[in-house]
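*Asks:* I have a structure I would like to understand better, so I am pasting it below and will then ask my questions one at a time.
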Amino acid sequence: MDRSDVVAELEKLARDRDSRDELAELRNRFTIPDGVSYLDGNSLGPPCRTTSAALTELVDRQWAPALIEAWERHDWWSAPRRVGDRIGRVLGAAEGQVVVGESTSVQIFNALTTGCRLAAGREVVLVDADHFPTDLYLSRSVTRLLGLRPLRVPMGDAVGALDEHGDEVAVVFCSAVDFRTGELADIPGVTEAAHRRGALVLWDLSHAAGLVPLELDTWQVDLAVGCTYKFLNGGPGAPAFLYVSHRHQDSADPVLTGWHGHRAPFGMDPEYQPAEGIDRFRIGTPQVLSMLALEHALAVFDEVTTVRLWEKCGELADFFRHCFAQLCGDLDLTIVTPADPARRGGHITVHAPEAARRWKALAERGVLGDLRNPDMLRFGLSPLVVRFSDVVRAVTELADISRTGAHLDDRFGGSGLMG
Ligand SMILES: *Cc1c(COP(=O)(O)O)cnc(C)c1O
């Protein structure tokens, strides 16, 4: 069979699967430009079609008429808790353990310092060696601030390192999904190994929340953080979330103490008295506009479970591999993401020399993926918006570009724009 027949067959297979996919209708809730295959929802989810109307309504019907009274009349005050509980459902967390607000780095800082204080007397923070840069920078700066020692360990060695150094470890701080390779960590396994040695865990769920079926309560996770603009589709700059298990809330002593986290916020007390429960992890005035856009985007998760989303994501990943085997087998491309469904997250990473050039050439053909310089192409498989036909298109274009050398054209030179 020649290549065009192979492609035609894969396209037919994709059409069949799209037509049988009961989640396909959910794509219509989101705005994606015509002709674009969007394989970067793991970096920035697309907007809901109704988000702009919801934001306009918020400004015109809440903020403008009610002004300062909107905090009470429209319940802006409780939004960090309310939206937090909504995210909690996606994380497998009972109510009262998640708060939303601030940026991801602020929540990481607050969570990590909190964990270290809860585990006082222990000297080491065990850090995922392949953690996202912010997480690595903050783990270094927090350990320096508190006089502790960071120990960077690849996720595959985390359990072994805990067996060796466990008694010294205060907090194990890892990513649920490796942002480069798309590898999924063994969250319950690492959590249990940490607990066996008396350490706490802090998971960064940025690439997992809204996709991977999570059971934070069941797994007895201590602390977790994440951004909300990836698979949760909250929009650029949407506030981050922080999960603190009920078990730790009363003894937690947050470093970032603001008036919203005070027991009596309107008492304007010169001395800080922490609020009960998760409220003590509120800090200051939250980003209400972004938070309500996020709340709006979360509505879709009332209609579909992460179990089903995860299942479709796995089907997309298997289909990607199938197309790749048929079309890219003889090219200078290799999938680095594990094939085992238990070990892969929501994106597939392809090792490709001169990845930036191929990434730009793909974008020119309407396939928006992502780039991790110097040699990794990432294809996000957000099951809410990615169709099987997007997958076959991405792999076909990648194969075509690579086979013809189209990416070697001068216009694809220079460094990556958003890498
Ligand atoms: C996306 C991501 C972040 C993002 O941090 P921002 O401060 O929101 O830019 C942090 N950590 C991980 C693991 C991520 O995947």
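Cβ coordinates are placed from backbone N, Cα and C, and glycine is handled just like the others.
Automatic, uncurated: that is what TrEMBL annotation is.
Take a look at what TrEMBL says about it:
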type    : residues                                                         : note
BINDING : T104, S105, F132, P133, T134, D135, D204, H207, Y229, W259, T285 : pyridoxal 5'-phosphate binding site
MOD_RES : K230                                                             : N6-(pyridoxal phosphate)lysine
*Asks:* Enter the number of other CB atoms within 10 angstroms of the CB of T285 (pyridoxal 5'-phosphate binding site).
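*Replies:* Around T285 (pyridoxal 5'-phosphate binding site), other Cβ atoms within 10 Å: 12.
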*Asks:* What are the non-local neighbours of K230 (N6-(pyridoxal phosphate)lysine), defined as same-chain residues 6+ apart in sequence with CB under 8 A from its CB?
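*Replies:* K230 (N6-(pyridoxal phosphate)lysine) has long-range Cβ partners G41, N42, S43, L44, G45, S206, H207, A209, G210.
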*Asks:* Counting only residues 6+ apart in the same chain, whose Cβ is under 8 Å from the Cβ of D204 (pyridoxal 5'-phosphate binding site)?
*Replies:* I108, H131, F132, D135, F173, C174, S175, A176, A224, V225, G226
*Asks:* In this structure, which of the binding-site residues F132, Y229 has the fewest other Cβ atoms within 10 Å of its Cβ?
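*Replies:* Least crowded of the binding-site residues F132, Y229, by Cβ count within 10 Å, is F132.
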*Asks:* I'd like the Cβ neighbour count for T134 (pyridoxal 5'-phosphate binding site), meaning other Cβ atoms within 10 Å of its Cβ, all protein chains included.
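*Replies:* For T134 (pyridoxal 5'-phosphate binding site), the count of other Cβ atoms within 10 Å is 16.
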*Asks:* Does DSSP give T285 (pyridoxal 5'-phosphate binding site) helix, strand or coil?
*Replies:* coil
*Asks:* Under 8 Å Cβ-Cβ from T104 (pyridoxal 5'-phosphate binding site), six or more apart in the same chain: what's there?
*Replies:* T134, S206, V225, G226, C227, A240
*Asks:* Determine the binding-site residues, out of T134, Y229, T285, lying near ligand 1 in the sense that the CB is under 6 Å from one of its atoms, and give them in sequence order.
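*Replies:* List returned for ligand 1: T134.
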